[in-house]
Amino acid sequence: MTRPDTATKHAADVSAMFDEVSPRYDLINDVLTVGNDRLWRVATTKAIAPRKGMRVLDLAAGTGTSSAAIAAHGAHVVAADFSEGMLAEGRKRHAGNDLIEFQWADATQLPFADDSFDAATISYGLRNVNDPKAALREMRRVVKPGGRVVIAEFSTPPSALVRGPYAFYGRHVLPRVAGAINRDAAAAYRYLNESIEAWPDQAELAAWMREAGFERVVYRNLTFGIVALHRGFVPRETPQAAAPQQPAAAEPAAAKQPAAAKQPAAAKQAAAPKNPAAAKKPAPAKAAPKKPAAATPKKPAAAKKPAAPKAAPKEPAAAVKPAPAKPAAAKAAPKKPAAAAQPAAAKPAPKKPAPQKPAAPQQPAPEAPNDTTPRPGDTP
């Protein structure tokens, strides 16, 4: 049996090795893993989340054991492998399953169009590819945006308590047990152990997946880290196209502008009156123009109602401004309850100095009779 070089992993050598062990490959795995391979397969299938109508690529499918587990959920599976011996064995075992399609393929140059699958998976096969990074890029290419890729592979147990016994088992026990089942399998499983020891740890494989373009890459250890299950997603392209539409959020600013346009109008009314009244409510600002009514009677008349101008001309006619100011306040009170706050109208009281006009130097008028008194004295 040709034993592949762990460093080069020539495809022809690896393919020939699996061709020879294909008849009893699944049996050897069950024995060497003490049945754990079935638990790992269940975990891998759950990570893929297959369902009816999905198209899934199963790379390094071998005899189709993992493909059958995926197809059991109603998904159509393309079982691809570069070992003709494995594919032949798989076709015999699953001849009646129409959901499984066996096809020869090189993982580094997949014969499928872009975005051909909803998901892709590879179990214990990426380690046997001579260019695993190229295989990751190919899986990303053939999986649709938003689709997932799941990788199950032997890895390095994080605990030293497990690494020691695991290394001893792989170097000494595993080849002997495999050789006992199949004489040609001893060399194959020596290569298997060497390839596991040379394989990167969980974190590095996750970094390879991100480098290949996958996002949301995570992994979890199975059976103390003897196997690691990695999962990543092909990025979606739709969020990038939707991003330019976000400037539409600037439109609410236009709705705010009318409010800003109203503020100048209120500011004009509140400019002359006191700022506290404008700070409380815009209504006091309308009553405030009554104060300058003496100087400009026309403005308050336009601010309130046409009835106000009637009271305005009475003030200059009577020349007694305080008296009409009081009834004007009484008229404003029934119009709005806010007019009760017009005690500020008491400020017109300073206008009472208007009586000073009759008390002003007009008193010299009585001096005229003083001029007449000396005149009778002059006659005698």
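Here the Cβ of each residue, glycine as well, is placed from N, Cα and C on the backbone.
For T63, D81, D106, A107, S123, the entry in TrEMBL reads S-adenosyl-L-methionine binding site. As annotated by TrEMBL, compositional bias 'Low complexity' applies to 239-348. Taken from TrEMBL, the feature compositional bias 'Pro residues' applies to 351-367. Marked as region 'Disordered' by TrEMBL: 238-380.
Sequence features annotated in TrEMBL and their locations in the structure.
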{"residue": "T63", "record": "S-adenosyl-L-methionine binding site", "CB count, 10 Å": "26"}
{"residue": "D81", "record": "S-adenosyl-L-methionine binding site", "CB count, 10 Å": "27"}
{"residue": "D106", "record": "S-adenosyl-L-methionine binding site", "CB count, 10 Å": "18"}
{"residue": "A107", "record": "S-adenosyl-L-methionine binding site", "CB count, 10 Å": "24"}
{"residue": "S123", "record": "S-adenosyl-L-methionine binding site", "CB count, 10 Å": "23"}
Worksheet item: What whole-number distance in angstrom separates the two most remote CA atoms of the S-adenosyl-L-methionine-binding residues T63, D81, D106, A107, S123?
Response: 16
Worksheet entry | Assigned conformation of T63 (S-adenosyl-L-methionine binding site) - DSSP reduced to three states | coil
